[in-house]
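Visitor: Dumping the structure here so I can ask a few things about it.
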Amino acid sequence: MLFTRSVARISSKFLRNRSFYGSSQSLASHRFAIIPDQGHSCSDSPHKGYVCRTTYSLKSPVFGGFSHQLYHQSSSLVEEELDPFSLVADELSLLSNKLREMVLAEVPKLASAAEYFFKRGVQGKQFRSTILLLMATALNVRVPEALIGESTDIVTSELRVRQRGIAEITEMIHVASLLHDDVLDDADTRRGVGSLNVVMGNKMSVLAGDFLLSRACGALAALKNTEVVALLATAVEHLVTGETMEITSSTEQRYSMDYYMQKTYYKTASLISNSCKAVAVLTGQTAEVAVLAFEYGRNLGLAFQLIDDILDFTGTSASLGKGSLSDIRHGVITAPILFAMEEFPQLREVVDQVEKDPRNVDIALEYLGKSKGIQRARELAMEHANLAAAAIGSLPETDNEDVKRSRRALIDLTHRVITRNK
């Protein structure tokens, strides 16, 4: 597989170079930096929650001239056309059935509230579950030494069920966060249908979210792996932190690209990255492989949200399932506007007045149209997609065709994230 091998040769440089993960100082003179979450030291925890700080260019000594051209190669050099979702379709069906079983409750209204959102908000493509199921295969499951004496087939099957459990837990956490977000944002719709807080009220929406989190906690405990519990607990904490950052930001923070990227990691990428790492941990993989799984999820999540922020300006209400321009109308400043402000500083004053005078939205759009804001945000998303693909290319080589196919599918997802229109 030409593309994956070429990515592996390039990306192995940043895996061997510990400073890429372990220090922001070594890259301080370049427009790329990595900062750790609070509570983790750079030297002893190189993979627990790094946040891209200002990833405008990857032309650092670590990467040489490796820029977003790699992404373009990914779509042309993959050996065969793959549909990542069809590869795991059967398991996605099992996962959906299991989720329906898990949200049953003694109080019928609580169960129906959770079921309402799963039917309308989760079923579709099941993006996060697809990533995690593909990652489980891509990591080429190796049986932990403690279980060597048992039947390999049985252990592998049980391990797959446990890994699928990570996908189920991740979906419940994700949906719970959406239920709570809709209350905080006073949202009317979600993916084109009435949001639960509108249909059943804020109280029931909050309780349904809490209920899903409690079921996720129970499922996590059943895995009996404290490292996995810590990873998913961190992701939940980050969801809360990111939302808090959005609603409590100062004026300067609101217009800071660093702040925006950190908030984006917390709100979107942390759950994907920590879940990917949890899948690796359950397989008994090495720390280096766990880092690669984490980095894939982190960068794919960042790319996904950057494109989402672009689509808020370029998409339509029908295709996005939400009102177009919803971010700027609610005072949420995203990458396209931040980049546009670098060219037109006067845009900041216009955006400041949007909530007082909605007519300023049109003025802001005029500035955005004259700027390279959309283009630069897309380039930044492409760079993160490239890093995600590079992480997969750095996984240990294998002759297993299923593993190769899953890795190609994960790379294909980086392409789909960038080219999606909804």
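Cβ coordinates come from backbone N, Cα and C, glycine included.
Residues annotated as isopentenyl diphosphate binding site in Swiss-Prot, with similarity to another entry given as evidence: LYS125, ARG128, HIS174, ARG191. Annotated Mg(2+) 1 binding site per Swiss-Prot: ASP181, ASP185, in sequence order, evidence recorded as similarity to another entry. Annotated Mg(2+) 2 binding site per Swiss-Prot: ASP181, ASP185, in sequence order, evidence recorded as similarity to another entry. Residues annotated as all-trans-polyprenyl diphosphate binding site in Swiss-Prot: ARG190, LYS267, THR268, GLN305, LYS322. According to Swiss-Prot, the transit peptide annotation covers 1-32.
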Visitor: Measure from the CA atom of HIS174 (isopentenyl diphosphate binding site) to the CA atom of THR268 (all-trans-polyprenyl diphosphate binding site) and give the result in Å, rounded to a whole number.
Guide: 9
Visitor: Given HIS174 (isopentenyl diphosphate binding site) and GLN305 (all-trans-polyprenyl diphosphate binding site), what distance in Å do their CA atoms have, once rounded to a whole number?
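Guide: Per the Cα atoms, HIS174 (isopentenyl diphosphate binding site) and GLN305 (all-trans-polyprenyl diphosphate binding site) stand 14 Å apart.
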Visitor: I'd like to know which of these binding-site residues, ASP181, ASP185, is least surrounded, judged by other CB atoms within 10 A.
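Guide: It is ASP185 that, of the binding-site residues ASP181, ASP185, has the fewest other Cβ atoms within 10 Å.
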Visitor: Please tell me which one of the binding-site residues listed here (ARG128, ASP181, ASP185) sits closest to GLN305 (all-trans-polyprenyl diphosphate binding site), measuring Cα to Cα?
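Guide: Nearest listed residue in space: ARG128.
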Visitor: May I ask which residues of the same chain, at least 6 positions away in sequence, place their Cβ under 8 angstroms from the Cβ of ARG128 (isopentenyl diphosphate binding site)?
Guide: ALA167, THR170, GLU171, HIS174, LEU271, ILE272, SER275
Visitor: With every protein chain in view, how many other Cβ atoms are within 10 Å of the Cβ of GLN305 (all-trans-polyprenyl diphosphate binding site)?
Guide: 23
Visitor: What whole-number Å value do you get for the CA-CA distance of LYS267 (all-trans-polyprenyl diphosphate binding site) and ASP181 (Mg(2+) 1 binding site)?
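Guide: Pair distance, Cα basis, whole Å: 11 Å.
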